[in-house]
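Below, the features straight out of TrEMBL:
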type   : residues : note
DOMAIN : 20-98    : domain 'DED'
DOMAIN : 115-188  : domain 'DED'
DOMAIN : 241-364  : domain 'Caspase family p20'
DOMAIN : 389-472  : domain 'Caspase family p10'
Amino acid sequence: MTSQGQSSSFPSDDNNGQSSFRGKLLTIDSKLGNQDVEGLKFLCRDCISHKNLEESSSASDIFDHLLAQELLSEEDPFFLAELLYIIKQKSLLRYLSQSKEQVESLLPTRRRVSLFRNLLYELSEGIGSENLKDMIFLLRDSIPKIQMTSLSFLAYLEKQGLIDEDNLRLLEDLCRRVVPNLMRKIENYKREKASQVVTRPTDQELESLHQREEGPFSHSHIEQLLEALPEAGVYRMDRKHRGHCVVVNNHKFTSLSDRRGTNTDAEHLRHVFEWLGFSVHVYHNVTKGHLDEVLQEYKCHPGHADGDCFVFCVLTHGKFGAVYSSDGTLVPIQEITSHFTAQQCPGLAHKPKLFFIQACQGEEIQPPVFIEADAVNPERVSPSLQDSIPDEADFLLGLATVPGYVSFRHVEKGSWYIQSLCNHLKSLVPRHEDILSILTAVNNDVSQQADRQGTKKQMPQPAFTLRRKLVFPVPQEKLEQ
């Protein structure tokens, strides 16, 4: 039953005339509440002027603007269907002769709401009133003292230029501190954004180019050029060699406890990355001075010029954005990664640089005897993981655990994270999965593991500035177990 009686004079199955379509829109309007209207206004920020949105007090006002801008019509109501789908009013799709399944199938090719705006809306749904108070408290000096909803709060951050589709650092810090479970939505957004690719021209478009007499290239020339280009959105993996993989494996320390089981991790990493075609170099019990020498060597390594990729793994104790050398020096992860920027290491410019860190990043606990934690002298404040990678493209940092928490290592079998990483590389590379999909599977696997009592858990976390998909070629040789 509708809340506005006049909508009953426009039955939903009447398709005759514009008045009938407007009647359906009025029916939809009557079934939407104030919160839905706020959501529609937010989702339309990229296509309706700020002034018009400010003056819109109902869904029908928004529909009028969409109709006027030819973003909505009886012949093509998909944009409104997309909006209703996002705000979870899927039952209203029937008034547009659409179904949930139809919308889902068309979204990949007909999406109008940007991935970024969709992300902000999804995050707003997960930010409760108490969470919002905490976030505003953290930013009190930057936020006006006015009543805000989670949506208006995010809209304000965007309007002030504090967040945008390529800059989520502030948002990540807020979510990590206040609502950690929302970090998964942000990582999903990054993966989906990174996977967007440029499409190859259709045969019809190629034929059109061929038919232009003034064109300098023939149809066959254009085909040859396209074949010569690497697949759009995928890193090149066909140079002379795959690249170098460095493993820093610290087992014994001058002032910290031994890391039993780490040699198993180092051997598995060697095994898997050699299988993937890398030249693997393992360094044991590395002091700060030796680490500086290793970093300098690979920063200037001439082999990078003919390599596809670079991998650097660190197995050690750690603490909040930093790792320990074997002589007890705390080394910021950012100090390691900064050696391989395009300016410092031109041979790796525009190539993927992967860093995997097996080390705790915070709060020490007392686990049972058959597992150990890689934490040292924990603190409570956790920095942004994104701060550990350079502010430029083509980096990936995989941490065994989120900042502020321990990671676990079996004293014989090795660490949960490295063993899962190796196992998933072995199983998913032959299925042509990209590295972010593989790390997602690793996250899922490690998050489901627990100690014998079922009380100790762990969640890995990646941060990345990759611009394309990274898909390792399937090795010709079968990996020996």
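Just so you know, glycine gets a Cβ as well, placed from its N, Cα and C.
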Write out how many residues of the domain 'DED' (20-98) are helix, how many strand and how many coil, based on DSSP.
53 helix, 0 strand, 26 coil
For the domain 'DED' (20-98), what is the mean per-residue pLDDT, to the nearest integer?
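It averages 93.
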Counting by DSSP secondary structure, give me helix, strand and coil numbers for the domain 'Caspase family p20' (241-364).
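For the domain 'Caspase family p20' (241-364), the helix, strand and coil counts are 42 helix, 39 strand, 43 coil.
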